[in-house]
Amino acid sequence: MAVTDYSHKAFEQPEEEPEGEAPAVSLRDRLVPPMPGSVMWGWVGPIVIALFGAFLRFFRLGTPHAVVFDETYYAKDSWATVRYGAERQFVDGADKLLLAGNDHIFKQCPSVSECASYVVHPPLGKWMIGLGEVIFGPNPYGWRFAAALLGSLSILILARTARRMTRSTLLGCVAGLLLSLDALHFVLSRTALLDIFLMFWVVAGFACLVADRDWFRSRLVAWNEAGSPDDGPRTGLRPWLLGAGLCLGAALATKWTAAFYIIAFGVMVLLWDLGARRTTGVPRPFRAVVVRDLPLAAAWMAVVPALAYLVSFTGWFVTDKGYGRNWEQATANGPVYFVFDSLRSWFDYQHQVLSFHTGLEQTHPYQSRPWQWPLLLRPVAFFYESPTTCGAPSCSYSILGTGTPIIWFAGLLALIGMIAWYVATRDWRAGSVLLGYAAGWLPWFYFSISDNRTMFAFYAMPMVPFMILAIVLGCGLIIGRADPARPNRRVVGTAVVGAFVLLSLVNFGWLYPVIAAEVIPYDSWHARMLFDSWI
């Protein structure tokens, strides 16, 4: 079943049944269209795609045996977090010590506060990186393990989400495959940076919201079929919405930029609820949303993320080693003072972090602006060396943090198409994809123009799943819905989509040596630099 088998109008607008025509689609099928095919294949296909993506990401994960780009911060901060509960200052030459197998990298200070390290990102991402270090040791494989694992799981989540949105197992698998073949996702899944974790929790939160949409509408249909009066049902605790709040809270506990997703998705949920209540025939849908949906949505999408963020600092609260902790003062006068003094110290710390983020103007050779990201104009060279082991006069050994060009350029066209589709039909799928992309992109324009903030192309990582969803929705439109009058339409459309996926695979394979740290001749490396700005 293609993405166009159920138009937006069939979903949202009750229509008169013309005399002599086929019966209209039932309310249940309009609000909650049936899932396609078997449950088994709905899982088997996405799992196979995710395993393929996992193989790509875990193969040679410890290569290069080096500290890559900002791993110089996160590998050590994560090791400190799992050992001490908070980040600590490290000695000079700590990177070399770690690579040599020596994990005694932290300073010894006369007082605890002197060794505390001032860091500007919440701790959850570092706890996840640190888990890999606990299991495999503080080495390149260990500190990259969690990124590869969650990057692989995000492929499965996106495939299942796309399947739910399109009611097509084929399109769900295409979504997962395209994400597994995106070079930026691949690089960040093999590097101990925070952005892959931010992306994972954002896409997991979005997946929960899409599942909640179906769950909520099923409850409304049951209410309608029972002929119940008033403003529609009280839908209970909405477990998928709670899951979304927890996931988005985890995203916020990884990087502050998740706040924009929390706001955007919170509004989106209420608009979905309003549309569902209106379509079901609730007499006063707006009042019903305000009275029956808003309080729970506020709790799950605002309070829960805030609590999740606070809980992520447990290590900072329960030890005396965190920056600005003031342990002695906070604990000197009993538990009441512990709570209030600790929270006061914590809020002061958050204020310092906010000042840092709004005043960061240091220049960097690989910095870029958000309007450059969709066109891949200035990727980041994560790693580069010039060994002499490739049999050529000059060799390259590199990791370039760029996206797969054919996927990103097709994504840009697909996003433009989604704008047109949404304007024409108000289709919820196009709207949600555009909102997800915009929440990860547009705020950076403000920081770029107002604060002249230093930023990098890989900050676009949370946008990538929504770009992939836009492509997949476009693929559904190209394939079209079954039409006996035009039997070749779907054959041609499927062939076009298949050709695009094949070209994406070829493009990824072409880039692979410069995103996976393979030693190749310099001329081969240079041939893969699509623009001069990639160098």
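Using N, Cα and C of the backbone, Cβ positions are placed for all residues, glycine too.
For 1-12, the entry in TrEMBL reads compositional bias 'Basic and acidic residues'.
Per TrEMBL, domain 'ArnT-like N-terminal' is recorded for 48-274.
Per TrEMBL, domain 'Protein O-mannosyl-transferase C-terminal four TM' is recorded for 343-534.
Per TrEMBL, region 'Disordered' is recorded for 1-24.
Feature annotation from TrEMBL assigns transmembrane segment to 38-59 (among others).
Taken from TrEMBL, the feature transmembrane segment applies to 141-158 (among others).
Residues or ranges marked as transmembrane segment in TrEMBL: 170-188 (among others).
Marked as transmembrane segment by TrEMBL: 194-216 (among others). Counting only same-chain residues 6+ beyond the ends of the transmembrane segment (194-216), those with a CB under 8 A from a CB of the stretch are 32, 74, 121, 124-126, 128, 146-147, 150-151, 153-154, 157-158, 160-161, 164-165, 185, 188, 235, 238-241, 243-245, 247-248, 250-251, 254-255, 257-258, 261, 265, 268-269, 272-273, 276, 428, 432, 436, 440, 458-459, 461-462, 464-465.
Long-range neighbours of the transmembrane segment (237-253) within the same chain, counting only residues 6 or more positions beyond its ends whose Cβ lies under 8 Å from a Cβ of the stretch, are 122-125, 198, 201-202, 204-206, 208-209, 211-212, 215-216, 259, 261-262, 265, 269, 296-297, 299-309, 311-312. Taken from TrEMBL, the feature transmembrane segment covers 237-253 (among others).
Residues annotated as transmembrane segment in TrEMBL: 259-276 (among others). Same-chain residues lying 6 or more positions outside the transmembrane segment (259-276) and placing a CB less than 8 Å from one of its CB atoms are 12, 31, 202, 205-206, 209, 212-213, 216-217, 220, 241, 244, 248, 251-252, 285-286, 289, 293-294, 297-298, 301-302, 305, 428, 431-432, 435-436, 438-440, 443, 462.
Residues or ranges marked as transmembrane segment by TrEMBL: 297-318 (among others).
Outside the transmembrane segment (406-424), and at least 6 residues removed from its termini, the chain residues within Cβ reach (under 8 Å) are 178, 181-182, 374-376, 430-431, 433-434, 437, 467-468, 470-471, 473-474, 477, 500, 503-504, 507. For 406-424 (among others), the entry in TrEMBL reads transmembrane segment.
Proximity of distant same-chain residues to the transmembrane segment (431-449), defined by a Cβ-Cβ separation under 8 Å and at least 6 residues beyond the stretch ends, is recorded for 202, 206, 210, 257, 260-261, 263-265, 268, 358, 369-371, 373-374, 415, 418-419, 422, 455, 459-460, 462-463, 465-467, 469-470, 473. Positions annotated as transmembrane segment by TrEMBL: 431-449 (among others).
What TrEMBL lists as transmembrane segment is 455-479 (among others). With a threshold of 8 Å between CB atoms, the same-chain residues lying at least 6 positions outside the transmembrane segment (455-479) that come near it are 2-4, 154, 158, 161-162, 165-166, 168, 171-172, 174-175, 178-179, 182, 184-185, 187-188, 193, 195-196, 198-199, 202-203, 206, 257, 261, 364, 366-370, 372-374, 376, 378-380, 401-403, 407-408, 410-411, 413-415, 417-418, 421, 429-430, 433-434, 436-437, 440-441, 444, 447-448, 490, 493-494, 496-497, 500.
The feature transmembrane segment is assigned by TrEMBL to 491-512 (among others). For the transmembrane segment (491-512), the residues of the chain that approach it from at least six positions outside its boundaries are 174, 177-178, 181-183, 186, 400, 402, 404-407, 410, 475, 478-480, 518, 528, judged by C-beta separation under 8 angstroms.
In this model, the domain 'ArnT-like N-terminal' (48-274) carries an average pLDDT of 94.
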